[in-house]
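K.L.:
I have a structure I would like to understand better, so I am pasting it below and will then ask my questions one at a time.
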């Protein structure tokens, strides 16, 4: 216990002088503390003359007691410059527990599944819906063109007819088996930009429910859409049998309610979505009911189970506003929409067709739990969490019951240019999956501008009052925030770079995402602590130098005051970093800017309420724990769950990160995850970390993070926690390839081999050792699959001559090649029975082209409006079993083509191609089947619209044919 008497500090006259000096200093620094009060007390304690009255002596005695008490209180403040390390650790653990609790409640807390009896005739029953999921998944994978898809369509048709039979007597239920003719689709954005998507022979089930006695209902419809088809590699329990099941159960419920509606509800069960959104496009462009649709709702899955949330909305916010009013378990984040529209998530849904082609507004829902199983064998019934379908079903039922009787459906069906809309954007996010906050962009502008202007005003006033010392202190505190970010990212990213060198897999956390906490979050926290500690030291040195010029304080008190001031500056640095992010987000109209707002305003309010003072009398005190708790409560409540969710989605995306297998650095996925985690930690822990410097918790914190990191590394290196599991597998492809590239004119024999490659980063050494079968892995095994290139993979040529024949190889035949005003070449293509293929046309040589079926006069792809992708114009085709397999093309050459198709020696350059063609068959050759049977349990075949099926043929046409 320090206990200083007033006389022990200074003599009377020197104290008065130093206090006057310090008063001038404090008016420039705003850190006057209690010195003004001490100055007043000093004046009252000047020496008493001998002739002083007894009353004066009494006053002097009282003044002595007051001074001693005041000084004792000031010393108590100084002594409390050390905070309990135990208290800080408890605060840190409480914050982490709160973060996890928010995430769990927001994303994992699902409603109980209801039986048919519990739901009632008009309610939604997950138990009944799961019967549909079970029936569809038992059929196995049902891709476009398969017999199994026909069975799945028939199942939906029968279920729809049953709904019609049990509907309310005042409700009409119309069931239409819609068979679409050939069509072509060219999207202006998204993953299919630059491609022409052609389809044929697709079958859909369309169910329209409307009141019998409301004549205008048939002219105004609400569309609810999802797809029946799956990729060839998955049975599709999540994507999207769960969506189909929800729609069937919704249709049953709506058929009991629709007599009170003013609008029809159309349920579209389409096929062809997995091959390029073809089902939605064929409905929008060919079905007569499509012209009545005013609002579109798409149900999708990019994982399996969990909460289905809104990840796209608009352009008209009417649907979103009504959903927010009535949804029982609202779930949706504009952050997901921002990421999706930016291209950071490379995927798309039917909602793009409804927006771009039909000009509709609406909502797009998606399941995103267990995203690592997307399009693999593990998209299975067992992984659907109980309550997942109940969550979506109850939300959708309440929403349809609200908008069904409405007379105010959006009526703007004008297709707008990419990125332009007449509708005002809306910011939306849910809180704990219980409430949805929603406000329009103009209100966001006012709110953000208000906070920004007030913040700038406060900081400007503070700097003007504090002068140069305050400006330098602010700059050093900002430097501390920058160092925190730099060191956090550096430490975490360094681990990500090292992992491929020391681990059997560059992504060892896929099957156990919690490993990312030890591998990346621990180094990120250590780096953040290091960076802020360096900033803290720099700030203390400056403040010490500042106070040393005014020797009014004893060394002990001066040291403690400096620590207290430095702590406050570090806390306020958090305001600056979030203010900058808010400024940037507001300028670029980024909807996710609300995150910066909630991390700026509540902590600033708590600080102003509990810490700031308008009087310069008080000594700086340690920051109150209540300031931290009150300041972080709202930010954690609103955004913590979303941060964890995004980290989980990044982990899942890593499984299919390498779109050109081997073309992406092995460390890239881990670096992306590490940087995301580090940025979140450095930005959000800035307030909490500022409290650690006055506590004894630095060393325990460093030790704990090092132990956590070391333990995680040990688990990875020892193989105790494998990178993949049977339920969360590595995405691979096994393709038997017959390569006739460069064989135009039948001059050489095609080569046959089986390729093994993976979209998950990492070598295939371990997999090949288990499979054997003569595979050789190399980066020299480059294969051009037209839609992508295999830069690293494993090939085997052993026993690959069976399971296919010469008659399966597609042919490209040049009918004519003439030049009058322009050079025009007519080509015919025979796909030899393939109903799934892709063709690339050299955009440097071919300016335009037309494309049509061989026996039809109507052009599927007319002249004009072509785009290219990496120098190639892509046609991607998918159709049903009866789709045509012969086509004619007219190629219009560029007028200024400089290439002749010859190399530098004047010889024909067979590598300079005019056309590239790949045809696919969902058929296993004996060799491919043998390899598939030997795939390790931690591997799963991955399918997507651009990837080949199990048997592919490659052919081409050189420029100099």
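Glycine too: its Cβ is placed from the backbone N, Cα and C atoms.
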K.L.:
Which is it, of 410-435, 514-539, 540-565, that TrEMBL names as transmembrane segment?
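P.N.:
The listed stretch tagged transmembrane segment in TrEMBL is 514-539.
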K.L.:
Of the ranges 667-689, 736-758, 759-781, which one does TrEMBL list as transmembrane segment?
P.N.:
667-689
K.L.:
Give the range, chosen from 372-392, 456-476, 582-602, 603-623, that TrEMBL lists as transmembrane segment.
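P.N.:
Matching range for transmembrane segment: 456-476.
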K.L.:
Among 343-362, 483-502, 783-802, indicate the range for which TrEMBL gives the feature transmembrane segment.
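P.N.:
Among 343-362, 483-502, 783-802, the range TrEMBL annotates as transmembrane segment is 483-502.
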K.L.:
In TrEMBL, one of 12-31, 32-51, 52-71 is tagged region 'Disordered'. Which stretch would that be?
P.N.:
52-71
K.L.:
Counting a contact as 3 or more Cβ pairs under 8 Å, with residues at least 6 apart in sequence, do the transmembrane segment (667-689) and the transmembrane segment (514-539) touch?
P.N.:
yes
K.L.:
If I count Cβ-Cβ pairs under 8 A between the transmembrane segment (701-721) and each of 456-476, 483-502, 514-539, 626-655, which range comes out on top?
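P.N.:
The stretch I would name here is 514-539.
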K.L.:
Which residues of the chain, 6 or more past the ends of the transmembrane segment (626-655), have a CB below 8 A from one of its CBs?
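P.N.:
Sequence-distant neighbours of the transmembrane segment (626-655): 91, 95, 98-100, 102-103, 105-107, 303, 333, 335, 339, 345, 368, 370-372, 374, 429, 431-432, 507, 509-510, 513, 516, 594-595, 598-599, 602-607, 609-611, 669-670, 672-673, 676-677, 680, 684, 687-688, 691, 728, 730-731, 759-761.
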K.L.:
Residues of the same chain, at least six outside the transmembrane segment (86-105), with any C-beta under 8 angstroms of its C-beta?
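P.N.:
Same-chain contacts beyond the flanks: 432-433, 625, 628-629, 632, 636-637, 640-641, 643-645, 688, 691-692, 695, 697, 700-701.
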